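Asks: Structure in structure tokens, see below.
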Amino acid sequence: MARSQTGQGGARRVLGPFNRVEGDLEVRLTVEDGHVRRAEVNAPLFRGFEPMLEGRAPEDALTLVPRICGICSVSQSMAAARAIAAAAGQGPTPQGALVAALIHAVENAADHLFHFNLFFMADFARPAYADRAWARAVEARFLPQRGEAVRAAVAARAQLMHVLGMLAGRWPHTLAVQPGGVTRAPGLRERLRILAELTAFRRHLESALFGAPPEAFVALETVPDLLAWEGGDAGLFLRIAADLDLAHLGPGGGRYLSFGGYALADRTIFAPGLWEGGVPAPVDPGAITEDLSHAWMRGATAHPFAGMTLPDPEMAAPGYSWCKAPRLAGRPVEVGALARQVIDGHPLARDLARDGGVLARVAGRLLELARLIGVMEDLARAITPEAAFMTPVTPPEDGTGAGLVEAARGSLGHWLRIERGHIAGYQIIAPTTWNFSPRDACGVPGPLEAALEGIALADADGTDTGTPLAVQHVVRSFDPCMVCTVH
Amino acid sequence: MNILWLQASGCGGCTMSLLCAEAPGLFDLLAGAGLEILWHPALSLESGAEVTDLLEALATGARPLDILCVEGAVARGPAGTGRFQMLSGTGASLMDWVRRLAPRARHVVAVGSCAAFGGVTSAGGNPSDAAGLQMEGTHPGGILPPAFRAQGGLPVVNVAGCPVHPGWVVETLLALAEGALGPEGLDSVARPRFYADHLVHHGCPKNEFYEYKASAMELSQIGCMMEHLGCIGTQAAGDCNIRPWNGEGSCTRAGYPCIGCTEPEFEEPRHPFTRTPKVGGIPVGLPSDMPKAWFMALASLSKAATPERVARNAVSDRVRMPPAPRGRRR
């Protein structure tokens with residue numbers, strides 16, 4: 001329902017329910033002259049995982065945190081395992097880290113595939129686009145539940161998940177990822193089967209998504225080259241993007257963060273860093289704070305090691321979301337596949353970041369997916385069956401540790417404080433907490449809020465359905481995970 | 001039959017698991033049984049007013065509702081308002097929507113342990129005051145009263161699991177579509193018996209270790225995890241080791257314990273999940289229907305009789321000592 005009311009400074013409009021965002025989302029718009037003047041993004045679900053963890057044994061986090069999110073479950077496991085390992089001062093064996101990275105990469109690849117095929121593309125099958133040259137093709141490929149691409153993606157993902165059945169027991173919600181490595185030692189048979197499943201997944205990417213070897217997509221270096229790509233469903237999306245000028249819809253702030261993707265014994269496969277105004281810089285996790293000024297939360301701005309989660313039952317103004325506002329050195333950052341690829345130095349990603357809009361976010365994800373199949377194959381080939389995949393790690397009686405990882409949707413951090421053998425503090429900042437953050441004390445909007453400003457309310461056919469399609473494209477371009485956002 | 005699917009206070013993982021259904025896949029399974037999804041938050045086109053118009057029509061009875069699936073617990077807080085989870089754009093809480101819709105539905109299905117019993121969403125101090133649809137932990141009555149019956153006569157069907165196995169949900173829906181699920185098909189906590197009558201222990205590949213009480217001491221060792229590592233597969237409902245997950249997986253197959261995620265209050269074991277509580281060195285929580293004295297007697301006998309192969313492998317991360325075929329023993 002788009003509840004509208006006119007108040008001071010423009011008409012107000014409330015958008016929701018917002019589907020295909022892994023949870024629910026409410027967007028409140030102030031509109032003027034048919035355009036968005038101001039957006040307030042509300043994550044309408046509070047569960048309270050952080051207080052739930054307090055008082056428990058540290059390793060219980062490994063059971064509970066994956067259940068924050070059914071789509072980034074392994075990412076949550078990885079962050080918790082790293083946080084405990086950091087507190088203990090002892091991490092996984094090299095092969096344990098490698099198999100954990102493979103488990104994590106499979107989840108992230110599956111998430112990218114689902115976002116494109118199930119969550120994002122469907123909106124182009126709306127009646128407002130019925131007269132476009134690509135409308136029939138989109139309908140055939142992406143209508144929910146019926147589209148050929150949707151069904152093929154569901155089947156390909158189900159098969160890819162066999163890798164996790166083998167290594168992690170099941171997906172989602174595994175206990176296989178531990179601070180010291182992984183609980184199952186894969187042998188020769190497992191390595192061969194995993195490679196066979198990955199070959200099947202590669203075939204899907206080639207035939208459906210890219211219409212060519214993924215490496216050809218990875219070889220693209222500029223936005224004009226990208227827009228000339230014709231193969232597969234990626235080509236269909238790029239024709240739409242050119243027609244609707246998605247490059248300039250919902251631009252980002254040009255400030256990107258990545259904690260670094262897939263930590264092995266000696267490196268991360270995708271580099272960590274900060275990217276601001278075209279300049280790379282190292283990340284200082286000590287400069288992260290959460291501002292509570294516009295959240296329904298009590299307490300002061302704090303670094304997550306000192307942070308608390310005390311919901312305000314009055315839901316008092318100026319709060320308008322359960323989501324806290326994370327800031328790096330006092331400013332918002334955008335996170336996600338685009339950010340990761342920009343920071344890792346991929347030339348196409350860096351060219352896309354000049355505009356940083358819907359095209360950039362979605363193409364950044366496709367680019368990362370194209371890179372991930374090779375990453376997964378390399379990891380699987382490097383499995384050494386005779387190696388040690390786990391070493392016991394005992395959490396300390398007292399200590400702190402941070403687990404900083406990259407989920408499909410971007411940077412995920414867990415900050416753990418242990419006192420007298422129990423969890424005394426546990427704070428989580430999820431990717432969508434960064435991207436869909438509310439305003440901070442200075443009134444600076446979060447990345448989505450900023451990206452929505454100035455968007456026209458009328459759809460391509462001139463109608464206003466109450467839930468503008470341009471707003472939906474921008475929201476979904478971030479690949480939000482709303483259940484993670486507040487947790 | 002039509003299905004309305006709502007995601008309440010949960011992680012969405014049951015939907016994510018459901019989409020792993022294979023051969024045939026989810027959409028073919030549903031279509032084959034004449035099941036049509038009216039709206040699902042992850043699988044439908046409609047947003048905004050298109051959705052609220054539909055919900056309103058179903059809640060008033062203007063449109064018939066065959067199956068209401070709810071995934072996730074339902075937040076009652078703060079102070080009974082349900083405002084810890086509002087359905088966006090509607091000004092109403094999920095709690096209010098579920099209470100309006102459930103009495104209209106022919107069948108109500110709680111998908112996952114959160115929707116069934118509260119589950120992980122109600123863990124710890126239950127910060128959002130969440131409950132299951134018709135149970136709160138082991139206690140009858142959730143946001144719907146114990147006497148609630150859907151239009152078809154059944155209580156809320158609890159497809160418990162964290163997450164659910166895709167087969168459990170699909171088969172429940174197929175059985176409802178066929179009219180084949182009656183009160184006798186549900187166990188004492190309203191779980192479909194077709195999967196809840198089994199124990200996770202059944203088909204566990206660690207059964208030989210269990211027979212000899214040859215126990216893993218640490219995670220990643222392949223011995224039985226009951227004695228030291230918190231495994232309660234001998235007490236937990238589920239056919240997880242009879243029909244595997246995601247190809248050939250299960251929790252115990254991957255080397256970590258069953259934590260009984262299909263059971264009410266599994267989220268509060270009152271001990272760390274991966275450590276077995278013991279009294280005087282003896283594990284608390286033996287197989288549910290075995291006399292304790294017998295268990296102790298058999299355990300000490302079988303421990304004494306453990307072959308070296310089984311004892312060594314139990315504390316290894318893989319088979320170190322293979323079985324020697326008959327006639328080739330050294």
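Keep in mind that glycine also has a Cβ here, set from the backbone N, Cα and C atoms.
TrEMBL: automatically predicted annotations, no manual curation.
As listed in TrEMBL for this protein:
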| type | residues | note |
| --- | --- | --- |
| BINDING | B:Cys11, B:Cys14, B:Cys114, B:Cys162 | [4Fe-4S] cluster 1 binding site |
| BINDING | B:His201, B:Cys204, B:Cys224, B:Cys231 | [4Fe-4S] cluster 2 binding site |
| BINDING | B:Cys240, B:Cys258, B:Cys261 | [3Fe-4S] cluster binding site |
| COMPBIAS | B:310-320 | compositional bias 'Basic and acidic residues' |
| DOMAIN | B:11-176 | domain 'NADH:ubiquinone oxidoreductase-like 20kDa subunit' |
| DOMAIN | B:198-273 | domain 'Cytochrome-c3 hydrogenase C-terminal' |
| REGION | B:310-330 | region 'Disordered' |
Asks: Give the three-state DSSP assignment (helix, strand or coil) for B:Cys224 ([4Fe-4S] cluster 2 binding site).
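Replies: Looking at the DSSP assignment, B:Cys224 ([4Fe-4S] cluster 2 binding site) belongs to a strand.
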Asks: Could you state the CA-to-CA distance between B:Cys14 ([4Fe-4S] cluster 1 binding site) and B:Cys224 ([4Fe-4S] cluster 2 binding site) to the nearest Å?
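Replies: Taking the Cα atoms only, B:Cys14 ([4Fe-4S] cluster 1 binding site) lies 28 Å from B:Cys224 ([4Fe-4S] cluster 2 binding site).
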Asks: Name the binding-site residues, out of B:His201, B:Cys204, B:Cys231, that lie close to chain A, meaning a Cβ-Cβ distance under 8 Å, keeping sequence order and answering 'none' if none do.
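Replies: Going by the Cβ criterion (under 8 Å to chain A), the binding-site residues yield none at all.
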Asks: Highest Cβ count within 10 Å among the binding-site residues B:Cys11, B:Cys162, B:Cys204, B:Cys231, B:Cys240: which residue is it?
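Replies: Per the Cβ count within 10 Å, the most buried is B:Cys11.
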Asks: Same-chain Cβ contacts of the compositional bias 'Basic and acidic residues' (B:310-320) under 8 Å, 6 or more residues past its ends?
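Replies: Answer is 208-209, 212, 214-218, 220-224.
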Asks: Take every residue in the domain 'NADH:ubiquinone oxidoreductase-like 20kDa subunit' (B:11-176), average their pLDDT values, and give the whole-number result.
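Replies: Value for the domain 'NADH:ubiquinone oxidoreductase-like 20kDa subunit' (B:11-176), mean pLDDT as a whole number: 98.
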Asks: Treating G and I as helix alongside H, and B as strand alongside E, what does DSSP give for the compositional bias 'Basic and acidic residues' (B:310-320) in helix, strand and coil?
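Replies: Its residues fall into 5 helix, 0 strand, 6 coil.
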Asks: Sorry to bug you, but what's the C-alpha spacing from B:Cys162 ([4Fe-4S] cluster 1 binding site) to B:Cys258 ([3Fe-4S] cluster binding site), rounded to the closest Å?
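Replies: Per the Cα atoms, B:Cys258 ([3Fe-4S] cluster binding site) and B:Cys162 ([4Fe-4S] cluster 1 binding site) stand 11 Å apart.
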Asks: Considering the binding-site residues B:Cys114, B:Cys261, which residue's Cβ sits among the greatest number of other Cβ atoms within 10 Å?
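Replies: Comparing the binding-site residues B:Cys114, B:Cys261, the most crowded Cβ belongs to B:Cys114.
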Asks: Out of B:Cys11, B:Cys114, B:Cys240, B:Cys261, point to the one nearest B:Cys231 ([4Fe-4S] cluster 2 binding site) in space (Cα versus Cα); all of them are binding-site residues in the record.
Replies: B:Cys261
Asks: Measuring Cα to Cα, how far is B:Cys240 ([3Fe-4S] cluster binding site) from B:Cys204 ([4Fe-4S] cluster 2 binding site) in Å?
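Replies: Taking the Cα atoms only, B:Cys240 ([3Fe-4S] cluster binding site) lies 8 Å from B:Cys204 ([4Fe-4S] cluster 2 binding site).
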